[in-house]
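Working notes for the structure below.
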Amino acid sequence: MGYQKIQVPATGDKITVNADMSLSVPKNPIIPFIEGDGIGVDISPVMIKVVDAAVEKAYKGERKIAWMEVYAGEKATQVYDQDTWLPQETLDAVRDYVVSIKGPLTTPVGGGIRSLNVALRQQLDLYVCQRPVRWFEGVPSPVKKPGDVDMVIFRENSEDIYAGVEWKAGSPEAEKVIKFLTEEMGVKKIRFTENCGIGIKPVSQEGTKRLVRKALQYAVDNDRSSVTLVHKGNIMKFTEGAFKDWGYEVARDEFGAELLDGGPWMQFKNPKTGKNVVVKDVIADAMLQQILLRPAEYDVIATLNLNGDYLSDALAAEVGGIGIAPGANLSDSVAMFEATHGTAPKYAGQDKVNPGSLILSAEMMLRHMGWTEAADLIIKGTNGAIAAKTVTYDFERLMDGATLLSCSEFGDAMIAKM
């Protein structure tokens, strides 16, 4: 495929998807990356250096990533034209090369695209936002036992109120929808019908089941003990409540789960280990308490878009903040790994910020590719650098006797501890 601005590496091969949706990964895979806006200029080169070092150490030159820069955000407006924030060829390349990674992207000012991150997820149907949350020993935390937190969140990415189906108060569209609801549907629960913004919350059986299926399969593949469906079904019975019901259906129909003590909780035997996997549900507001009071009781979380946003950031705060929180957006075939924090433009180009989020997202990427030896080295390097208290400013200011490192120096410290 020919591209207008993207330079395809001269050496390197594509990752391909097999019929069973497993990956066929060559020894020199081409990986598209989006540098990112703001601090993307600092963290992306460090991530690439750390990943290359881990791959070299793990495979002694037998494997090597061929990095291919693709463009989105402010850099795309410089490379293409000022109105092109998300070029079609970037979407094509990410889809075509299967596995990619991105830095943080800014939200364009003005109309058109509300969020580049949401646009990428929707246009590539990356319906799972996967966020593992764990504590690295030595990372400053506001809670007493951050080590009890070891969860993986599966957040539905394509539906819920994030679908963006809403209309401004006073607009003809909002008034038309409100009129239809009150006059045609007999709705009497809208307290103020004038000057009222209105939105739609789509939650489908198909969208729910494919998300929960991914979470259950992850629990099986990674020897996890439970999957918790987090919802607000006590209030929103036909959307969030349906999410819970459809989730249990997947566990029963596709994984052979049976009622536990009369239900509604269920359990099934992991076919790979023989251990029981418990499938349970928790109301979203109670879950925000539980992650503080009893985090050790939770393992894999499957939830809708808005709940997942709240939960993943709240959990990240318990283990040291979003500076080191990794994430991935997945479809059945395409995987895009990402820094989960913002662009922090005031720090851009200062070689100051923590590159941990993007580096640990790259660790997830390597594991996804089956390159577990290299992924393990990144975890080892991260643990080593933090244990030695050689850290960036966000950790250094909260740790006694720590050595302050720049962004690039922190990457070098990780490499040294591999």
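Along the chain as shown, the residues are counted starting at 1.
Note that Cβ sites are derived from N, Cα and C of the backbone, with glycine treated the same way.
As the structure is a computational prediction, the values presented were derived from the model and not from experiment.
When Thr11, Thr77, Thr193 are looked up in Swiss-Prot, the one carrying the note phosphothreonine is Thr193; the rest have no such note there, which does not rule it out for them. Ser115 is the residue among Ser22, Ser115, Ser158, Ser331 that Swiss-Prot describes as phosphoserine. The record from Swiss-Prot ties Ser115, Asn117, Arg121, Arg131 to D-threo-isocitrate, and of the options Arg63, Arg155 it ties Arg155 to that site too. Under 8 Å, Cβ to Cβ, and six or more positions away along its own chain, Arg397 (NADP(+) binding site) finds no residue. Within 10 Å of the C-beta of Ser115 (D-threo-isocitrate binding site) we count 15 further C-beta atoms, all protein chains included. Around the Cβ of Thr106 (NADP(+) binding site), the same chain contributes Asp37, Gly38, Gly73, Glu74, Leu116, Thr343, Pro345, each under 8 angstroms and 6 or more positions distant in sequence. Shown are the recorded positions Arg121, Arg131, Arg155, Lys232, Lys346; of these, the residue with the fewest other Cβ atoms within 10 Å is Lys346.
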